[in-house]
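Below is one structure, written out as structure tokens, with a few remarks after it.
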Amino acid sequence: MTVTALGVPTVRGRSEGSAIASDAPGDGPLLDRFGRSATDLRVSLTDRCNLRCGYCMPAEGLNWLPGEQLLGPAELARLLRIAVTRLGITSVRFTGGEPLLARHLEEVVAAAAQLRPRPEISLTTNGVGLAKRAAALAEAGLDRVNVSLDTVDRAHFAAITRRDRLTDVLDGLAGARAAGLTPVKVNAVLDPETGRQDVVELLRFCLEQGYQLRVIEQMPLDAGHQWRRNALLGSDDVLAALQPHFRLRPDPAPRGSAPAELWLVDAGPDTPAGKFGVIASVSHAFCSTCDRTRLTADGQVRSCLFSTEETDLRGLLRAGAGDEAIEAAWRSAMWAKPAGHGINNPDFVQPQRPMSAIGG
């Protein structure tokens with residue numbers, strides 16, 4: 001069995017357990033040096049997953065983070081409090097790996113829901129196991145979910161995820177809708193070979209079920225570093241595949257800092273109208289309006305999905321640092337955020353961590 005190393009980038013502040021000095025403002029919004037304000041926090045709860053999508057993980061053999069390196073629920077609750085009350089975070093999304101594999105998920109959601117001002121709380125999940133927990137998550141304070149689903153073709157699903165779990169995901173979507181975790185959004189990363197066919201049926205399915213589809217361009221975040229720009233199924237390809245089957249027009253509502261470009265969809269008299277979005281992270285990057293900050297399952301702040309440096313908050317927590325020191329380290333990390341991800345630059349270097357160990 002081939003074992004793929006997880007890979008950890010350069011970590012700032014790991015050894016000394018103290019905040020890193022910078023020119024970052026000491027209070028107010030969580031700014032970077034280009035004037036962007038981070039209000040959206042992505043929190044990874046685990047690097048483990050029960051699917052094995054090829055664009056994210058190898059078929060087998062990925063080393064997991066040791067359990068003692070992962071943040072516990074009390075540590076997560078404290079960092080959430082600092083983020084919301086001191087850094088101005090207004091939206092918290094829990095991710096993985098697969099966050100439903102984190103036993104303390106409901107506890108952490110409840111901790112976020114108790115904060116004032118209360119942030120919007122959402123979850124990105126593969127949907128396996130969601131049907132059984134959707135009601136409890138809603139009771140804990142979860143507002144809505146995004147479910148990753150790349151196709152509604154069972155054979156294609158099994159080929160992409162290396163698991164035959166499509167029925168479980170569909171049940172999870174229905175469970176989320178029944179629990180009021182709406183709008184239920186579907187995140188799709190399209191396979192270069194089957195995606196043009198899959199996206200037509202996937203959009204039709206989402207319109208019929210009342211879900212909102214988001215098609216996400218595949219990014220260079222796979223564990224095997226096999227991503228190639230010339231194999232990308234980009235946003236223009238997606239629209240070209242859909243236009244023969246649906247009437248599409250741009251959503252006139254202001255986009256703001258949202259990553260998705262939204263389209264209004266008319267599918268004809270037999271299918272409800274709706275909307276869908278395309279997140280063109282590669283072909284039409286939106287880095288200039290990015291409002292995200294990221295916390296990995298092992299307590300590292302990443303200013304960008306494609307960062308090559310991380311700032312260690314777990315070390316600060318476990319060294320007994322006060323809220324002020326943790327806040328300062330977080331602000332320093334975000335102040336150093338690059339202008340863009342650089343995917344289309346000839347000198348681009350893929351992050352050492354795969355997506356499963358960063359959080360989407």
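Cβ atoms here come from the backbone N, Cα and C positions, even for glycine.
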For the GTP site, Swiss-Prot lists R42, R93, K185, R292, T293, R294; sort out which one of T124, T125, T151 goes with them. T124
Rounded to the nearest Å - Cα separation of R292 (GTP binding site) and C304 ([4Fe-4S] cluster 2 binding site): 8
Counting distance between Cα atoms, which of the binding-site residues C53, K185, T293 is nearest S148 (S-adenosyl-L-methionine binding site)? K185
C304 ([4Fe-4S] cluster 2 binding site): nearby binding-site residues from C53, C56, R93, T124, T293, R294, Cα cut-off 10 Å: T293, R294
Return one of helix, strand or coil for C290 ([4Fe-4S] cluster 2 binding site), based on DSSP. coil
As a whole number of Å, the Cα atom of C53 ([4Fe-4S] cluster 1 binding site) is distant from the Cα atom of R93 (GTP binding site) by 21
Far apart in sequence but close in space: which same-chain residues, 6 or more away, have a Cβ under 8 Å from K185 (GTP binding site)? R144, V145, N146, V147, Y211, Q212, L213, R214
Count the Cβ atoms, other than its own, that fall within 10 Å of the Cβ of R292 (GTP binding site), considering every protein chain shown. 20
